[in-house]
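Structure record follows, encoded as structure tokens.
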């Protein structure tokens with residue numbers, strides 16, 4: 001069965017943990033900057049025209065490349081989560097303590113499309129975040145990953161890009177509470193922001209339960225600084 005560990009203050013404030021928090025903050029900042037920047041750049045180049053297929057592809061590719069780099073630069077220090085939903089999913093599977101996971105949530109505008117209600121947006125975010133965290137488990141957290149771990153940052157970046165292509169026109173394709181919360185703070189617009197917390201956390205948690213319990217079977221609590229990539 002999956003083992004969920006709460007952790008201790010001492011472990012969560014060790015030198016290794018503090019370095020991990022800093023690495024996560026820097027990598028997440030770079031990812032959010034590139035992701036949000038690509039959307040802003042598109043608006044600038046098109047005089048804020050409606051998002052068209054080429055624009056969607058460009059934004060998806062920007063997110064995929066930025067996440068690939070972000071995971072790669074943080075992997076050896078913090079595991080390269082860059083996403084509260086990924087951290088939550090790994091905590092559910094016993095790969096990181098709950099307390100340390102909370103400190104990983106370094107929170108640095110998405111919106112559902114017209115014609116899609118909030119419930120539909122939540123379901124969409126659950127599905128695509130499940131796909132993301134499931135990929136993280138399969139390529140980075142699974143102890144049997146072997147040489148597959150080498151391509152983990154690429155696989156994680158690719159699934160994010162693919163999910164944005166599929167869900168971008170509907171829910172925005174967030175999969176990441178930090179990615180949605182940052183722009184909401186800057187703009188002061190928190191309309192429907194809860195969707196991008198509930199959906200990704202539920203999807204990430206489900207992936208953690210299924211892959212961690214059904215496929216891996218059992219875990220022992222892992223230290224905060226363990227390398228999952």
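Glycine residues also receive a Cβ, built from the backbone N, Cα and C atoms like all the rest.
Annotated features, as they stand in TrEMBL:
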TRANSMEM  21-43  transmembrane segment
TRANSMEM  55-74  transmembrane segment
TRANSMEM  86-106  transmembrane segment
TRANSMEM  118-138  transmembrane segment
TRANSMEM  150-174  transmembrane segment
TRANSMEM  194-216  transmembrane segment
### Summary
The recorded stretch from 21-43, 55-74, 118-138, 194-216 sharing the largest number of CB pairs under 8 A with the transmembrane segment (150-174) is 55-74
### Query
When you scan the chain for residues with a C-beta under 8 Å from the transmembrane segment (194-216), skipping those not six or more beyond its ends, what do you find?
1-2, 83-86, 88-95, 110, 112, 118, 121-134, 136-138, 141-143, 171-172, 174-177, 179-181
